[in-house]
Every structure is written in C-alpha cells, then in structure tokens.
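Over in Swiss-Prot, the protein carries these features:
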type    : residues           : note
BINDING : C11, C14, C17, C58 : [4Fe-4S] cluster 1 binding site
BINDING : C21, C48, C51, C54 : [4Fe-4S] cluster 2 binding site
DOMAIN  : 2-31               : domain '4Fe-4S ferredoxin-type 1'
DOMAIN  : 39-68              : domain '4Fe-4S ferredoxin-type 2'
Amino acid sequence: MSHIVKIYDTCIGCTQCVRACPLDVLEMVPWDGCKAEQMASAPRTEDCVGCKRCESACPTDFLSVRVYTSSESTRSMGLAY
C-alpha cells in the first residue's frame, strides 16, 4: 500500500521525526520560513511503511508531519465520494 507523507509549515525543525523514522524516509532541508531555518522533507515516500513513528515523535500541538494512505489523502482533499 502506498503512503503519502505531508510536512506542514508548523514544523519547528527539531529533527524528532527524522530520527524516529526507521527507514530514513525523512530528511531535514534548509527552510527560511522556519524558526530553526530547516524543515523536514520526505523525499523517499516510496519507502514509507506507514508506521507513523514520525507522527508520534512530533512535539508540535498540530502535528507537523502526517502519514496518509493514498485513499485517506484523496478523501481529505474532498476528491473521493
């Protein structure tokens, strides 16, 4: 099953999600809009198994990183009936 990893602009650049991922799906990239001047990125989503350890590790009130199955992502965008 394919998964979609979304990183939101609430990311504080703490690297907790990157360190929690057992498959190195996430990495930190430079980002001017973030306090820490870096933000999580998910360049290898094809390796994501949906364990959601990144979500559990995120310390922000609104999770900055979310993992969806393809069908969940489609539903959340209002594209499925």
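Placed from the backbone N, Cα and C atoms, the Cβ positions cover glycine too.
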Nearest-integer angstrom distance between the alpha carbons (Cα) of C14 ([4Fe-4S] cluster 1 binding site) and C21 ([4Fe-4S] cluster 2 binding site): 14
8 Å Cβ shell about C11, C14, C17, C58 centroid, [4Fe-4S] cluster 1 site members excluded: I12, G13, T15, Q16, V18, A40, C54, A57, P59, T60, S64, V65
Rounded Cα separation (Å) that holds between C58 ([4Fe-4S] cluster 1 binding site) and C48 ([4Fe-4S] cluster 2 binding site): 17
Cβ neighbour count within 10 Å of C48 ([4Fe-4S] cluster 2 binding site): 21
Packing count at C54 ([4Fe-4S] cluster 2 binding site) (other Cβ atoms within 10 Å of its Cβ): 26
For the binding-site residues C14, C17, C21, C58, the one whose C-beta sees the most other C-beta atoms within 10 angstroms: C17
Candidates C11, C51: member of the binding-site residues with the richest Cβ shell (10 Å): C11
Rounded distance in angstrom between the Cα atoms of C17 ([4Fe-4S] cluster 1 binding site) and C51 ([4Fe-4S] cluster 2 binding site): 12
Residues within 8 Å of the C21, C48, C51, C54 Cβ centre (excluding the [4Fe-4S] cluster 2 site residues themselves): V5, C17, A20, P22, L23, V25, L26, V49, G50, K52, R53, V67
